[in-house]
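Participant: I have a structure I would like to understand better, so I am pasting it below and will then ask my questions one at a time.
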């Protein structure tokens, strides 16, 4: 019954989510020019180069930018630069949707491909400048780069209506964040042939991923970032030098930016500030923006920030990224897409020398926007008596209002989901109250649930949720020290010391970042990092204490566990070192030699490879060896346990948890592996304290474990922002032909590894001293997490309804709701219930 209530609550949250993230309504059909003002296109060819995650300062700031050719062109006026604001969610798919259709993306676009009225994942049937170029202007389009474009505009064999947008194409995979070299070379290798065949295409689109991958891997100030800037700059130079730039418009843009950790998806200034540059010889004859005209030099030297002052990433003129859509449409004389919310960039109007033509273009943009306002603005019939600047200002106001009202909530689903959540939570509380007496532990549980529930009504509390769990965990340890003599404090002091180290390991929360966190210090000292990792892996894999058994048969089983865990730990360490080498990180020479020797053993014809290539080649096979061995050993262990009828369930669960811990370390970033050493210390000490001082109080163990699940999730770098989702370990052992569901599961395991570790914490106490059946023990241990989660859920759903027009509804509350869904389904059901049920059945 309790499990059914948990599933029902998850369904209620999903129902609410369907109402909160509804499919966005779009206008059907395609726009057409009114034909009243005939004009020729300003340019004949268009080249669009998208550099994924190219933040504005990467292009314009003297302290970081290496785009030397772009700087030359900005200085002589043949390049016009802008800071392009990209609306959140700042991930590639919704941003490409905005860049091509001019529409504001729904937040759900960051999670579900593209959800439109026809429930299709493509934009083939929706109006876009690509559709206009292809169908109304007869342009031939070629594309090479991020295969997200091919999801939006699938080739003919992938769609039923036999439409296709690209005459020639090749996609590169966008999620192998470890690769920032080959992924770009796979795009660049097409350029020479395209330059030879300029008569056979009109539009060329290139989308480079390497810079984004460097950001994810090593942050915006990585040592690889400068060379990548220069590589991208050389590509622009090559295109510019070999194309006819009088008749060609070259647009260089980022689809979004990145934060100071190198991630994106949120709404920080760095994530929403993408660079954009238009290049053509023709532009030199006209005036750029006044901000560019007044700039003294390129790249721009920005004054140092004062203490506490945040970087704005505002360079030159700031525009909306979607403004590129009506601008390109007008310059190439095609209709502005029906669902466009962009406003033509005013500086480009001067390329139309006839003032009446400029007014006609502005009128087209105004009337197109008016079609989206549901009659709130009037269609413009005449162009004689208006001032262009005034109309553009009014269009900006319309744009702002349209962006705010882009989503219509499905209120019936919102209220049904919220009502069900409240009813189910009330039922859970009622059932819990019938079985549990009120004492200090239950009071602490209810207080934590109430505190965390109330906190979701504040946007800052959501952004800094880690602070709550820090004070809760330290408060609980300090409370345990009350009435203890000084000599008994030692173990508590050690726990507090370990907690403080964990607290300072990574940047946590969304408001503040610090340079000197432990993870960054370790990255700067490779010897300390890797020796700590070796010690951690050894401690995790060779924890002899959990392998002590009574009789001869089980002792033999324990010895086999010791060998298996030792082998898995060794492979884990070698793989993490190998992974770091492949990603351009330095490692101690000794460990480099170990990896090289290992690679020579597992790669066929190893003597034919250079050292570097040999290590690269060994990466995926080494990971697959680990996975095969892990699952073979785990299944064998459970079968042997069943065969020999090992009755001590607590010991069996402890051994299984050791195997899973090794797997979690394997899925953890190198700089976070050391956390598990302190997890182990806290685990051993607190289990001893609960057994000795609290007579193995299972409820206290469960509550303490839950707090640590949340606390360590945030202190390992997690937040309530999509920007901190780590993909770097989602592809361990995966080649290009991957299963998205497997990768998704691996991503969840990687990001929630500390949480999964502490979900097993109470097993050693709960099952070792159980006075009731296994199943009654299981249910009793699950109530506290369900109490906390359901309380938070009820409050969060209410907060999303009450604050649905809040300024931060999409940047703070929506990501929190998405994270809550993951906590409910992945952690609350998959992690908390399924493994334990399967183990109890054996």
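Here the Cβ of each residue, glycine as well, is placed from N, Cα and C on the backbone.
Grabbed the feature section from Swiss-Prot, which reads as follows:
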CARBOHYD  186  N-linked glycosylation site
CARBOHYD  441  N-linked glycosylation site
CARBOHYD  506  N-linked glycosylation site
CARBOHYD  551  N-linked glycosylation site
CARBOHYD  578  N-linked glycosylation site
CARBOHYD  771  N-linked glycosylation site
TRANSMEM  409-429  transmembrane segment
TRANSMEM  442-462  transmembrane segment
TRANSMEM  468-488  transmembrane segment
TRANSMEM  524-544  transmembrane segment
TRANSMEM  554-574  transmembrane segment
TRANSMEM  615-635  transmembrane segment
TRANSMEM  698-718  transmembrane segment
TRANSMEM  740-760  transmembrane segment
TRANSMEM  783-803  transmembrane segment
TRANSMEM  821-841  transmembrane segment
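What's the neighbourhood like for each of these?
Facilitator: Of all the Cβ atoms in the protein chains shown, 18 others lie within 10 Å of the Cβ of residue 186 (N-linked glycosylation site).
Of all the Cβ atoms in the protein chains shown, 20 others lie within 10 Å of the Cβ of residue 441 (N-linked glycosylation site).
Cβ neighbours within 10 Å of residue 506 (N-linked glycosylation site), excluding its own Cβ and spanning all shown chains: 24. DSSP gives residue 506 (N-linked glycosylation site) a coil state; it is part of no helix or strand.
Counting only residues at least six positions away in the same chain, the Cβ atoms of 595, 598, 599, 615, 618, 619, 622 sit under 8 Å from the Cβ of residue 578 (N-linked glycosylation site). When secondary structure is read from DSSP and collapsed to three states, residue 578 (N-linked glycosylation site) falls in the helix class.
If you look at the transmembrane segment (442-462), the same-chain residues 6 or more away from its ends with a CB under 8 A from one of its CBs are 436, 468, 472, 476, 511, 699, 703, 707, 720, 784, 787-788, 791-792, 794-796, 799, 802-803, 806, 808, 812-813, 816.
Packing against the transmembrane segment (468-488) from elsewhere in the chain are residues 444, 448, 451-452, 455, 461, 495-496, 499, 503, 689, 693, 704, 707-708, 710-711, 714-715: each is 6 or more residues past its ends and has a CB under 8 Å from a CB in it.
Outside the transmembrane segment (524-544), and at least 6 residues removed from its termini, the chain residues within Cβ reach (under 8 Å) are 562, 565-566, 568-570, 572-573, 576-577, 585-588, 591, 658, 661-662, 665, 670-671, 673-674, 676-677, 680.
Residues 533-534, 537-538, 540-544, 547-548, 594-595, 598, 622, 625-626, 629-630, 633, 637, 640-641, 644, 646, 655, 658-659, 662, 665-666 of the same chain lie 6 or more positions beyond the ends of the transmembrane segment (554-574) yet place their CB under 8 Å from a CB of it.
Sequence-distant contacts of the transmembrane segment (821-841), counting only residues of its own chain at least 6 positions beyond either end whose CB sits under 8 Å from a CB of the stretch, comprise 3, 6-7, 9-10, 13-14, 17, 638, 649, 652-653, 656, 660, 709, 748, 752, 755-756, 759, 763, 774-775, 778, 782, 785-786, 789, 793.
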Participant: For the transmembrane segment (698-718), could you work out the same-chain residues 6 or more beyond its ends whose Cβ comes under 8 Å from its Cβ atoms?
Facilitator: 261, 436, 441-442, 444-445, 448, 465-466, 469-470, 472-473, 476, 499, 502-503, 505-509, 519, 668, 672, 675, 679, 682, 686-687, 690, 724, 726, 751-755, 757-759, 761-762, 765-766, 769-770, 777, 780-781, 784-785, 788, 827
Participant: Among 409-429, 615-635, 740-760, which stretch has the most Cβ pairs under 8 Å to the transmembrane segment (783-803)?
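Facilitator: By Cβ pairs under 8 Å, 409-429 leads among 409-429, 615-635, 740-760.
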Participant: Between residue 186 (N-linked glycosylation site) and residue 506 (N-linked glycosylation site), how far is it from one CA atom to the other, in Å?
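Facilitator: Pair distance, Cα basis, whole Å: 35 Å.
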Participant: Between residue 506 (N-linked glycosylation site) and residue 441 (N-linked glycosylation site), how many Å separate their Cα atoms?
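Facilitator: Spelling it out, the Cα of residue 506 (N-linked glycosylation site) and the Cα of residue 441 (N-linked glycosylation site) are 31 Å apart.
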